[in-house]
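A.B. asks: Could you have a look at this structure, given as structure tokens, before my questions?
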């Protein structure tokens, strides 16, 4: 008899007994292997085979402890067997690894839940007796709160290290801190008041708040006294005095308004309470000394007294029918103003930081024969300064003279002469037509533009000197003659003008030419600069196209036209260059690439919309900012990049490939 396994390896041999039975010991075989037995007798053989069967039932698996914040269940069992975990009717499965371990992911399970775990023989589906375990609840115990006394500003709570500690204040505010490695969490609070309650909880890994612990603030017996000095208006800044015992702060009541604060000097037991911005008139005040919790320990009443300040007020003269405000200066303690006009006082005015003031009086001071006085008051309303106003009336007619020089037509542009007194402006009548204006110089001379007003020597010309109210206070006739017109000549020739490139029109002129008139499509521009037979005339961007109609005329010093020519226009030619854009990704914010030639800028055309020229163009590379999905938003956008020369002409255009 020979016994062989699936691989044909001989694993046992021997003889059958007289009844034909045999039994041989063999090594443990793998499940489902084929065992073949060959019998040989008197030269004849026969074979028979059978599959290896697995009839074992698994033992109960071993489970590790489970808490309510675990997200997996682990343990040990027979390698290769399956594990079935049942939690509240829901089944989770896994396989035991070759080392005999398993770990199966599950959701967090509430504490106290019973988990049933069964090991299943994968060969015969035999099931072990269930192993049951109860989930351990890890909710933390209530934390402890250190005792709190009235006036304390810190609360110390002790719990588990790393726990989230929440403190609820008497106002209902919830403050959260993380406990340190020793389990302590410190909270800063407003000074605690006796009888108030603070509540704390802590939360651990399972996210459940612990039971709450509560501590009541205990009262601290305090005592103390204060004294106070009187407060002098215009002198003192602080209410001052002394204190004893447990006084920590102060409360002052002035005219029914209460203020908290004050500073103390512990070394000499004195205090100061800033009151300069709180006290504005004489009277009394009440001050209370408070302990750390705000309890009133002692109360005193002080007196507010006044000492007049010192200062001056000076008022400038006021002109009725011209001035709107009385102006002047103040010094010292003057803080407000009063205007007394014709026996009646008006209060108001604006004091400026530079020591000047203004007081609206347009509708108040109306008669210069009445008296007017300006008073200055200190901050307590004491009258400490006086100034009498000088009153004038702008309707009073002024006095003065005007003398005009002769005027020569075709030579003089302005009437000139001298003026005196109250003359403030001029009017000139030419043939009965009146013109207003003129420039008065500080040296007593004047000028009045009349080039386009005086045309004929037969027209009578009269100049009037006007005072500030427009009253005529002086008159002079002007002798008018005509200059002998000298014979002038000259011509002009303009250089070819390149549209889009040239900013100045240039060319040659001869003889008596002094200025130019350029006409562009019917619009006339005058000016130009001349030097040694050459001229230049600023055009800028006025000429838009080579098809525009442009002429230039040469003028003599009187403005007479001496010559006129058409200006030849040519269009600018773009500089030579190429542009090569890089592929643009919607995840970037700039279109980039390279270029050749004398480029100045680039611009983008997106879906037919031309964006402003610009970008960074340097060293053969360019960059044009478009933002993240701002100007270019999709791969389907039609995007072109244009390379521009210094004149803004397009040198080259290329399409830009857009990708995500």
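First residue shown is number 1, and so on along the chain.
For all residues, glycine too, the Cβ spot is worked out from N, Cα and C.
Sharing the record's features from TrEMBL:
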- 43-65: compositional bias 'Polar residues' (COMPBIAS)
- 58-137: domain 'Bacterial Ig' (DOMAIN)
- 142-218: domain 'Bacterial Ig' (DOMAIN)
- 224-305: domain 'Bacterial Ig' (DOMAIN)
- 311-392: domain 'Bacterial Ig' (DOMAIN)
- 400-481: domain 'Bacterial Ig' (DOMAIN)
- 490-570: domain 'Bacterial Ig' (DOMAIN)
- 577-660: domain 'Bacterial Ig' (DOMAIN)
- 43-80: region 'Disordered' (REGION)
A.B. asks: Given a Cβ distance threshold of under 8 angstroms, which distant residues of the chain, six or more beyond its ends, lie next to the region 'Disordered' (43-80)?
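C.D. replies: 29-37, 92, 95-111, 115, 117-124, 126-131, 133, 135-139, 204-208.
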A.B. asks: Kindly state the mean pLDDT of the domain 'Bacterial Ig' (58-137) in the predicted structure.
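C.D. replies: A mean pLDDT of 93 is what the predicted model shows over the domain 'Bacterial Ig' (58-137).
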A.B. asks: For the domain 'Bacterial Ig' (58-137), how many residues does DSSP put in helix, in strand and in coil?
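C.D. replies: Each residue of the domain 'Bacterial Ig' (58-137) counted once, the result is 0 helix, 38 strand, 42 coil.
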A.B. asks: Using DSSP, how many residues of the domain 'Bacterial Ig' (400-481) fall into helix, strand and coil, respectively?
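C.D. replies: Grouping H, G, I as helix and E, B as strand yields 0 helix, 45 strand, 37 coil.
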A.B. asks: What are the helix, strand and coil residue counts for the domain 'Bacterial Ig' (490-570) according to DSSP?
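C.D. replies: Once the DSSP states are binned, the domain 'Bacterial Ig' (490-570) shows 0 helix, 45 strand, 36 coil.
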A.B. asks: Tally the residues of the domain 'Bacterial Ig' (142-218) by DSSP class, grouping H, G and I as helix, E and B as strand, and everything else as coil.
C.D. replies: 0 helix, 36 strand, 41 coil
